[in-house]
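Here is what TrEMBL records for this protein:
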TRANSMEM  28-46  transmembrane segment
TRANSMEM  52-75  transmembrane segment
TRANSMEM  96-115  transmembrane segment
TRANSMEM  135-155  transmembrane segment
TRANSMEM  183-204  transmembrane segment
TRANSMEM  216-241  transmembrane segment
Amino acid sequence: MSTKLKASRYLALSAATLKQRAGDLFRAAPWAFGVFVLTLPLTLLLPHLSLVATGFLLVGVINVLALARISVAWHRDILSDGRSGRAGWRLDRAEWKYFALLALFIAVVLAVVYATSRVPILIYFSLNRGGDTVFFISLFLALAAIWGPVLYLAATFAQSLPRVAVSGTYEFLRVRRASRVSAWPLMSMLFLLAVFLAFTGGYLSVGVSKMSATAIALGILGILVCTAQVMMTTAMCAVAYRESTVNVASAGS
């Protein structure tokens with residue numbers, strides 16, 4: 001029977017791993033990291049500037065491809081303790097499977113975002129002028145009921161991403177059964193990442209449309225914060241998988 005890691009221990013291990021291997025992570029896939037950071041602003045601007053149905057959507061695809069490449073490289077580096085080597089230019093089979101899983105996650109999140117954007121209007125008309133307090137309480141409960149399970153499933157199955165990176169197989173249920181960490185730390189990090197991505201996209205949109213230097217500066221700061229959060233999320237996924245494999249190995253010996 002697996003022994004669960006305390007959330008504080010899990011976060012400490014993830015932070016220590018990221019601090020220890022930060023330099024190697026940048027060197028693992030430098031060109032993909034650069035592409036990801038440079039294409040992230042325009043990717044976040046796509047829904048704000050109504051560019052989704054245009055050729056600029058290709059930038060979003062490139063951004064996700066770059067994210068898949070750097071995430072796989074970082075997972076492999078962390079799980080091999082720096083012995084994985086530098087990523088090449090071509091994506092291998094495991095990286096394409098990783099990209100497919102990552103694209104599925106993003107598609108599900110975008111679908112939920114689109115669905116929940118209608119929730120405030122539905123609640124407003126359903127309450128029939130029930131007052132601001134009742135409206136906001138109802139809205140909070142509705143969003144929590146929708147996003148809670150989504151974040152839980154995302155945090156649970158995100159632990160399969162390192163498995164794909166190192167073996168090229170998904171095996172969701174096997175990874176889930178072997179997991180030694182609670183879902184809520186990764187849920188919290190994913191929630192914070194989603195919030196900062198939304199705010200960053202909003203600031204960049206205001207900065208571009210109104211030529212606001214302050215909004216552009218906040219957008220750039222948001223890009224840096226989001227990049228750091230992506231690194232932390234990647235490290236948390238890798239640590240969760242590493243601890244589960246250590247537990248399985250010790251149980252079998």
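Here the Cβ of each residue, glycine as well, is placed from N, Cα and C on the backbone.
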Taking 28-46, 52-75, 96-115, 135-155 as candidates, which has the most Cβ pairs under 8 Å with the transmembrane segment (216-241)? 52-75
Check the transmembrane segment (96-115) against each of 28-46, 52-75, 135-155 and return whichever range has the most CB pairs under 8 Å. 52-75
Tertiary contacts of the transmembrane segment (52-75) (same chain, 6+ residues out, Cβ under 8 Å): 25, 28-29, 32-33, 35-36, 39-40, 42-43, 46, 84, 86-87, 91, 94-95, 98-99, 102-103, 106, 161-162, 164-166, 230-231, 234-235, 237-238, 241
Close approaches to the transmembrane segment (135-155) from elsewhere in its chain (Cβ under 8 angstroms; 6 or more beyond its ends): 105, 108-109, 112, 115-116, 119-120, 123-124, 127, 183-184, 186-187, 190-191
